[in-house]
Structure formats: C-alpha cells, structure tokens
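TrEMBL annotations:
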type: DOMAIN; residues: 45-72; note: domain 'C2H2-type'
type: DOMAIN; residues: 73-109; note: domain 'C2H2-type'
type: DOMAIN; residues: 110-137; note: domain 'C2H2-type'
Amino acid sequence: MLIHMGEKPYNCDICEKPYYCDICGKSFAGDLNPHKHIQSKEKPYHCDICGKSFSLNHLLAKHKHIHTGGKLYHCDICGKSFSQSDVLIKHKRNHTLISHKHIHTGEKPYHCDVCEKSFSRKGNLTTHKHIHAAKKP
C-alpha cells in the first residue's frame, strides 16, 4: 500500500536518501538491507566447500551448483546444460547471433532427414518435422 501511495519509509543509512542509493543510483520498493551488504562489500555468507564468500544468501545457493555438478538449466537449441541460469542466457545469445548471420549468408545448416529440406534455424526444422509426423499412419 505504501508503494502505491508514493510513500518511502526506508532510508539508506549510507546516503540517508529514501529508496535511493547514491553509490549506484538504484531505487528500492522495500528494505535496503540486502543492497547495503552489496555496497559495503560485506560478505556474510560462506561456501562450506571452497570458502568463497557472498553478500547475499541466494548468490551462495547459486554458487553451490558449481560444486554439486547440478546442471539445472538446459539450452533448448543445442541441449547443452548449465549450472546457472545467467550463463544459459548468455549462451543462448550466441545462438541468436549465429541464426541471424545465417540470414545474411544464406546458410541452412539444419536438414530434414525425411525430405532433405534445409532451414537456417533449428526451430523451423522442428516445426517442419511435425508435417512428416502428421502424415504417418
């Protein structure tokens, strides 16, 4: 309710400004405490495996995937797996650029194994394959 009324009850004890950090310019709709950990370089969360420290608990949890080998994030384009979602997002940007370049080069590296038709994007090949699947008795 306070947010919608424009009230800003939290102040940064570093800069004294409501909902505003003068270090990075970020505005907040809630408590600044998590932000202050980042800005003050305080890292109270420690990995019990390697000892690396983090400013926020969720960053520690994200880090622990590296040690467990848990690759929860999968690329739907090439099938490669990653332990962190942001790494997957960066990886997918490569596919986007590669696919875009195919438009300019005319390259069609994705071939249908049924009719040998070629496509510049894997998604188009996948959609095309549904035609063949629908024709089968």
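The backbone N, Cα and C atoms fix where each Cβ goes, and this holds for glycine too.
Mapped onto DSSP helix, strand and coil, the domain 'C2H2-type' (73-109) counts 21 helix, 4 strand, 12 coil.
On the 0 to 100 pLDDT scale, the model's mean across the domain 'C2H2-type' (45-72) is 82.
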